[in-house]
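Notes follow the structure.
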Amino acid sequence: MNRYLPVRKVYAREVLDSRGNPTVEAEVTVGEGIVGKEGYTGRAIVPSGASTGKFEALELRDKEERYQGMGVKKAVEHVNTHLADAVLGENALCQNRIDRLLLEADGTETKERMGANAILAVSLAVADAAAKAMRLPLYQYLGGCNAVTMPVPMMNILNGGKHAENTVDFQEFMILPVGACCFKEGLRMGTEVYHCLRKILKDRKLSVAVGDEGGFAPNLKSAGEVLAMMTEAVQAAGLQPGKDICFAIDAAASELYQEEKQGYYFPGESFMTGTEVLRTAEEMISYYEELVKEFPVVSIEDGLDQEDWTGWSLLTKRLGNKVQLVGDDLFVTNTERIAKGIEEKAGNAVLIKVNQIGSLTEARQAVELAHRAGYRTILSHRSGESEDTFLADLAVASGSGQIKAGAPCRGERTAKYNRLLAIEDQLGETAVYRWQGINGNL
Ligand SMILES: C=C(OP(=O)(O)O)C(=O)O
Ligand SMILES: [Mg+2]
């Protein structure tokens, strides 16, 4: 018989995210009078994306003048009324049931009525409260005694696309400290590379202003130029590219794809070279092949458009035996889309963003389905983040072994990394840190 830990209070407020946009924070109190007089209060702040996938659950925004239409007053109201009514008195230890009740209160496929932001805030805050009431660290409450795998951090050190106002067309260039012995050492290595890159950019009189996720955002001409500079930064840090540090790209290709042009348009490269750069899906794949040949790129996310299943299958056939091919906009943490991907042999890894699907249980089902099919998973932040560290605990709990949390700077990003440092300390010698390259490819 399950212990009964009743939800006693549910409350939400509007707070700000790292882009200065409003978002939902929920507080949930459980077990008043059962586990102590006051019970325990958990909280969660939901993140928000900029390059959102077409098939994501919908976050509710007010659309009135306040905050230029970005307010979340209605979503907050929904938490304080309908969603609170749905879960008050329910057992916080039954996360699946809590989430089912939240989904039923909404009743739509896309969560558009209550708002995925409203539902997720309550879902996560319930888990946080339950963990506190059980006096367990969140990662252990969620993952049990098997939660010992520290994630390899994918640190986004150069921003482009929708995350910056520069000429770099791909959205993210990341470094993976695959040769580190532990998370702490990996974070140190990555941070040193980040600082070396800053110096290289400064020496060349290029901008060291940063984008949404804390990576630098200079005007560069092509992915090749970016990766060459990153290689220099790794060497300047006294590390070996391809051995200590590998690279990952998030092309965010759905943002580049233009239906009317039937291809991927590169505005930055076109501007810098003075000729229109348009690539077909086939040309995109060949382009990735060249980059992988020249640089230690071990992971490519959203290499093609979110609706191009045929292209994705071809990409996977050509590169999937040595490169991690990650579906973000393609899968949107949605089990139906992941199942389709598995069937079509599209990609070999899934980016997990809890707010893409809108509840903790559904996000965990996505991880489970992916792992069962031999797909890798990467727990990921959004470009609009907060000081909330739920993601760090979930990354360890899921055993996925990878996390995307931005550059090793800016408080909303370092909050996750610092939480992981604390978790690794807590785990002590039981902590595991290991990069699992596709077919052993570093
Ligand atoms: C983190 C990402 O960006 P956003 O949150 O803007 O979707 C991403 O595309 O992986
Ligand atoms: Mg992405």
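Quick reminder: no glycine exception, Cβ is built from N, Cα and C everywhere.
Pulled from TrEMBL, these are the features on record:
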- GLU213: active site, proton donor (ACT_SITE)
- LYS353: active site, proton acceptor (ACT_SITE)
- HIS163, GLU172, GLU301, ASP328, SER380, HIS381, ARG382, SER383, LYS404: substrate binding site (BINDING)
- GLN171, LYS353, ARG382, SER383, LYS404: (2R)-2-phosphoglycerate binding site (BINDING)
- ASP250, GLU301, ASP328: Mg(2+) binding site (BINDING)
- 7-142: domain 'Enolase N-terminal' (DOMAIN)
- 147-441: domain 'Enolase C-terminal TIM barrel' (DOMAIN)
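What TrEMBL annotates, mapped onto the structure for a quick look.
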residue : record                               : DSSP class
HIS163  : substrate binding site               : helix
GLN171  : (2R)-2-phosphoglycerate binding site : coil
GLU213  : active site, proton donor            : coil
ASP250  : Mg(2+) binding site                  : strand
GLU301  : substrate binding site               : strand
ASP328  : Mg(2+) binding site                  : coil
LYS353  : active site, proton acceptor         : coil
ARG382  : substrate binding site               : coil
LYS404  : substrate binding site               : strand
Greatest inter-residue Cα distance in Å for the substrate-binding set HIS163, GLU172, GLU301, ASP328, SER380, HIS381, ARG382, SER383, LYS404:
16
Do any of ASP250, LYS353, SER383 (recorded positions) have a CA within 10 A of GLU213 (active site, proton donor), and if so which?
SER383
Take the Cβ of HIS163 (substrate binding site) and count every other Cβ within 10 Å, whichever protein chain it belongs to.
24
Summarise the domain 'Enolase N-terminal' (7-142) by DSSP state, stating how many residues are helix, strand and coil.
54 helix, 27 strand, 55 coil
Using only the Cα atoms of GLN171, LYS353, ARG382, SER383, LYS404, which the record gives as binding (2R)-2-phosphoglycerate, return the largest interatomic distance in Å, rounded to a whole number.
17
Quick check: which same-chain residues outside GLN171, LYS353, ARG382, SER383, LYS404 lie with their CB within 8 A of the centre of the (2R)-2-phosphoglycerate site CB atoms?
GLY49, ALA50, SER51, GLU172, GLU213, ASP250, ASP328, LEU351, SER380, HIS381
Give me the CA-CA distance between ASP250 (Mg(2+) binding site) and ARG382 (substrate binding site), in Å, as a whole number.
13
Recorded positions GLU301, ASP328, LYS353: which have a Cα within 10 Å of SER383 ((2R)-2-phosphoglycerate binding site)?
none
So among ASP328, SER380, ARG382, LYS404, all listed as binding-site residues, which is physically nearest to the residue listed as 'active site, proton acceptor'? Use the C-alpha atoms.
SER380
Between ASP328 (Mg(2+) binding site) and GLU301 (substrate binding site), how many Å separate their Cα atoms?
7
Beyond the listed site residues HIS163, GLU172, GLU301, ASP328, SER380, HIS381, ARG382, SER383, LYS404, identify every same-chain residue whose Cβ lies within 8 Å of the center of their Cβ atoms for the substrate site.
GLY49, SER51, ASN156, GLN171, GLU213, ASP250, LEU351, LYS353, GLY406
What is the separation, in Å, between the Cα atoms of LYS404 (substrate binding site) and GLN171 ((2R)-2-phosphoglycerate binding site)?
13
Cα-Cα, whole number of Å: ARG382 (substrate binding site) versus GLN171 ((2R)-2-phosphoglycerate binding site)?
13
Distance [Cα-Cα, Å, rounded] between GLN171 ((2R)-2-phosphoglycerate binding site) and HIS163 (substrate binding site):
7
Excluding ASP250, GLU301, ASP328, which residues of the same chain place their Cβ within 8 Å of the centroid of the Cβ atoms of the recorded Mg(2+) site?
GLN171, GLU172, ILE249, ALA251, ALA252, ILE300, ASP302, VAL326, GLY327, ASP329, LEU351, LYS404
